[in-house]
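Below: the structure, in structure tokens.
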Amino acid sequence: MPGEGGSTSGSALAGRHPKQKRKAHSLSIRRTNSTEERPLGILRGDMLEGQDSKLPLSLRNNLLDLFSQIEREFENLYIENIELRREIDSLNERLTGDGQTVEGGDPSKGVLKTKASHSTSQLSQKLKTTYKASTSKIVSSFKATTGSRALCQLLKEYVGHRDGIWDLSVARTQPVVLGTASADHSALLWSIETGKCLLRYAGHAGSVNSIKFHPTEQMALTASGDQTAHIWRYMVQLPAPQPPPDVSNCSVLCVVHPQALCDDDQDSSDREEGEVDGEGLCEVPTVRVATTTLKSHQGVVIAADWLVGGRQVVTASWDRAANLYEVETSELVHTLTGHDQELTHCCTHPTQRLVVTSSRDTTFRLWDFRDPSIHSVNVFQGHTDTVTSAVFTVGDNVVSGSDDRTVKVWDLKNMRSPIATIRTDSAVNRISVSANQRIIALPHDNRQVRLFDMSGVRLARLPRSNRMGHRRMVCCTAWNEENQSCNLFTCGFDRQAIGWNINIPALLQEK
């Protein structure tokens with residue numbers, strides 16, 4: 001904008017010619033006032049006048065606001081870099097002067113001259129490195145993420161829920177389907193290859209917070225805000241794979257509404273019910289009655305999982321307890337108490353009778369049911385905020401994620417301290433670890449999904465833009481390593497789940 005352009009010139013003049021500082025500053029004020037006297041809409045209209053564009057004036061004004069904010073950010077960085085450059089020049093002059101003084105003195109002080117010159121060179125180099133690092137921040141934000149896109153490619157989008165998706169899981173038996181649990185009180189089963197919805201479960205009276213598949217049978221376990229967990233059977237037939245779409249179809253699928261350019265953070269839940277979400281769900285087979293209902297909790301059931309063998313399940317609730325049930329009889333076997341606040345997640349070991357529960361009390365607990373007569377418990381206090389999830393790996397490790405923006409890897413044989421700590425820039429939600437390659441997928445509140453190995457080395461970040469990735473926080477991740485391919489699935493509060501193809505060999509090579 002004209003006023004901001006004047007401000008930039010005034011600041012640059014003030015940096016180079018101190019005597020003209022007051023004059024330049026007054027000039028900047030006069031220009032700013034001249035723009036503020038006129039209505040904002042008229043000012044923008046003048047700036048856009050004469051430009052041939054079919055965009056609505058309101059959209060063009062929003063775009064102008066965004067570019068103005070970018071301009072102010074660059075202006076601040078530009079001024080900061082000018083000041084830093086001046087400091088470098090001043091220090092170089094001062095240190096050079098000191099070196100000349102030593103050189104003209106007593107010849108016996110040649111050692112002092114050498115040390116002074118060496119220290120001058122070191123300090124100068126350090127300041128220049130700092131300067132380059134500061135300016136490189138501007139350039140790095142514009143670098144294309146071609147590497148991440150080559151390693152992680154979008155496979156399919158699964159759109160059909162009418163509210164945010166809290167959890168998702170991949171079936172462990174044939175046919176392999178994707179299951180999603182949503183705040184719209186339903187769970188949906190999807191064809192992974194085609195993205196078509198195959199079945200809808202509508203037996204809950206509250207938000208469906210988690211979904212897990214039976215290890216050997218076509219049964220699903222869902223936990224809900226209606227204070228119950230349901231076990232229900234499903235029968236689905238996978239549709240025939242569709243031929244790849246032609247270029248014209250791809251271009252239609254990638255169209256972005258112009259409003260999305262000016263309001264990237266718009267919540268997709270604001271869309272009307274007659275739009276794309278939920279289209280065709282009226283024709284999807286619906287299951288409304290559970291085979292088994294587990295209802296011993298006094299609060300929201302936030303998560304549930306099958307113990308090894310599938311004969312027992314564990315549930316975690318906001319009533320600060322986890323319950324262990326017999327599937328065949330629905331009998332409550334154990335109530336696991338000890339957490340001081342609401343539970344957030346529970347997970348079972350893939351091959352042993354072990355359970356880990358996480359809580360808002362900043363701890364997670366390991367419950368051991370391998371000995372029927374002794375049910376031991378261990379408490380781990382490795383985080384400073386809510387532990388959002390803790391999961392087992394195929395080996396002897398536990399990986400925990402927290403709202404304190406850290407993820408920690410633990411060894412079951414010695415859990416006194418973590419063997420690796422991953423520090424991130426955003427809260428971490430329900431994590432998952434791939435069985436074969438042991439890669440950790442971290443879903444974040446800031447809409448990012450990052451991949452790490454078990455030693456804490458970052459491998460990749462899933463690509464995200466206006467046309468790709470999640471528009472709201474990512475709630476959960478799940479892996480599928482069937483058929484010699486590696487797919488990662490993510491879901492978020494933008495009502496959609498996304499499938500990604502992960503190029504594992506290239507990923508490890510990049511490492």
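Positions of Cβ are set from backbone N, Cα and C atoms, glycine also.
Just so you know, TrEMBL annotations are computer predictions that nobody has curated.
Ranges compared are 67-94, 319-346, 403-430, and TrEMBL records coiled coil for 67-94. Helix, strand and coil counts under DSSP for the repeat 'WD' (380-420) come to 0 helix, 21 strand, 20 coil. Residue counts for the repeat 'WD' (336-377) by DSSP state, with H, G and I taken as helix and E and B as strand, are 0 helix, 25 strand, 17 coil.
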